[in-house]
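As recorded in TrEMBL, the features of this protein are as follows:
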type    : residues                                                                                          : note
BINDING : Ser47, Leu48, Arg49, Thr50, Trp75, Arg110, His147, Pro148, Leu149, Gln150, Cys273, Leu274, Arg301 : carbamoyl phosphate binding site
BINDING : Glu142, His177, Lys237, Arg277                                                                    : N(2)-succinyl-L-ornithine binding site
DOMAIN  : 2-160                                                                                             : domain 'Aspartate/ornithine carbamoyltransferase carbamoyl-P binding'
DOMAIN  : 185-310                                                                                           : domain 'Aspartate/ornithine carbamoyltransferase Asp/Orn-binding'
Amino acid sequence: MKHFTSVHDVQDVAALVDEVLQLKQSPYAHKSLGQDKTLGLIFLNPSLRTRLSTQKAGMNLGMNVMVMNLDKEGWALETQEGVIMNGTTVEHIKEAAAVMGQYCDIIGLRSFPKLQDREEDYSEDLLNKFIQYAKVPVVSLESATRHPLQSLADLVTIKEQKVSGKKPKVVLSWAPHIKPIPQCVANSFAEWMQQADVELVIANPEGYDLSEEFTQGAQVLHNQNEALEGADFVYVKNWSSYENYGQVLTDGEGWMITNEKLALTNNAKVMHCLPVRRGLELSHEVLDGPNSLVIEQANNRLYAAQAVLKRMLEGNN
Ligand code: SN0
């Protein structure tokens with residue numbers, strides 16, 4: 001695998017899911033693969049699961065791992081072409097990425113969207129420039145529009161938990177939040193589910209429809225209760241508006257998943273990528289109850305990252 005930035009970098013999604021599950025069975029089976037190889041993890045935004053799971057994934061493969069919080073510990077990055085750098089930015093991405101590429105065999109990059117200019121965010125300018133100048137394989141640790149390692153772990157979790165022989169109904173359900181949140185996790189989840197053997201239904205209030213580039217004809221309902229009927233999995237996630245880009249349009253009263261809402265489903269398992277705002281996005285009772293998969297999902301992040309790094313080390317798709 002040259003780079004891992006979306007589901008489109010994967011030739012056979014089902015085979016990758018199987019590989020994740022194999023690694024979960026024997027995480028230390030490829031200890032020598034990463035010997036004398038260096039993984040650099042570069043963060044421009046906060047992280048808990050992505051940082052620790054990807055670091056551990058590298059270590060399980062015998063890699064050396066370096067982590068840098070570039071937003072706090074690095075020089076302020078410039079990304080524009082041809083600018084006179086007489087302002088606050090100190091170092092151009094051309095040099096910064098090229099230098100990191102010298103030190104690392106694989107680089108992971110996290111960079112959230114700014115949620116101000118839709119065209120700019122959806123062009124994935126920073127990630128693309130980073131790939132261009134680093135010249136080594138790059139893993140997205142969540143970019144402006146996607147979070148592919150999360151979606152891979154989510155798909156693995158659904159495969160593990162689904163009732164065999166039945167195509168599961170998976171509902172991606174928008175949740176309330178107090179601040180503008182990226183569309184990445186939702187975009188990416190929709191994009192990966194389209195490649196899986198599931199029935200995907202998306203429930204969100206009016207004004208929150210995701211880009212069709214990601215939803216690709218999935219059913220979108222503005223009535224959450226209708227969407228939840230017979231659901232086997234409910235994936236809870238807030239996102240800000242794509243149409244009124246980056247805006248919070250409603251307080252979303254009545255959209256939090258509670259036990260009452262779960263009663264409408266087929267005893268659905270409940271998923272969330274975390275971090276979750278308790279009592280706002282998801283009720284305490286559901287998070288603490290038997291239907292929650294959130295910790296198992298986070299566990300699968302490790303093996304998802306490991307499968308991707310393994311393929312990069314092997315040079316396989
Ligand atoms: C990020 C997001 O893209 O949704 C990262 C998720 C893995 N989440 C947040 O920014 C949550 C921030 C908050 O204040 O709740």
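Placed from the backbone N, Cα and C atoms, the Cβ positions cover glycine too.
The Cα of Arg301 (carbamoyl phosphate binding site) lies closest to that of Glu142, out of the binding-site residues Glu142, His177, Lys237, Arg277. Of the recorded residues, Lys237 (N(2)-succinyl-L-ornithine binding site) and Cys273 (carbamoyl phosphate binding site) place their C-alpha atoms 8 Å from one another. For Leu149 (carbamoyl phosphate binding site), applying a Cβ distance below 8 Å and a minimum sequence separation of six or more within one chain yields Phe4, Thr50, Ser53, Thr54, Val139, Ser140, Leu141, Glu142, Arg301, Ala304, Ala305, Val308. With DSSP classes pooled into helix, strand and coil, the tally for the domain 'Aspartate/ornithine carbamoyltransferase Asp/Orn-binding' (185-310) is 43 helix, 20 strand, 63 coil. In this entry, carbamoyl phosphate is bound by Ser47, Leu48, Arg49, Thr50, Trp75, Arg110, His147, Pro148, Leu149, Gln150, Cys273, Leu274, Arg301, whose most widely separated C-alpha atoms sit 30 angstrom apart. Taking the Cα atom of each, His177 (N(2)-succinyl-L-ornithine binding site) and Trp75 (carbamoyl phosphate binding site) are about 32 angstrom apart.
Only Cys273, of the binding-site residues Ser47, Trp75, Leu149, Lys237, Cys273, place a Cβ under 6 Å from an atom of ligand 1. Around His147 (carbamoyl phosphate binding site), a 10 Å sphere centred on its CB holds 26 further CB atoms from the protein chains shown. This prediction places the mean pLDDT of the domain 'Aspartate/ornithine carbamoyltransferase carbamoyl-P binding' (2-160) at 98. Fewest other C-beta atoms within 10 Å: among the binding-site residues His177, Arg301, that description fits His177. A distance of 32 Å separates the Cα atom of Trp75 (carbamoyl phosphate binding site) from that of Arg277 (N(2)-succinyl-L-ornithine binding site).
Comparing Arg49 (carbamoyl phosphate binding site) with Arg277 (N(2)-succinyl-L-ornithine binding site), their Cα atoms are 16 Å apart once rounded. Sorting the binding-site residues Arg49, Arg277 by the number of other Cβ atoms within 10 Å puts Arg49 first. Glu142 (N(2)-succinyl-L-ornithine binding site) is surrounded by 27 other CB atoms, counting those within 10 A of its CB over all protein chains shown. Around the Cβ of Ser47 (carbamoyl phosphate binding site), the same chain contributes Arg110, Leu141, Glu142, each under 8 angstroms and 6 or more positions distant in sequence.
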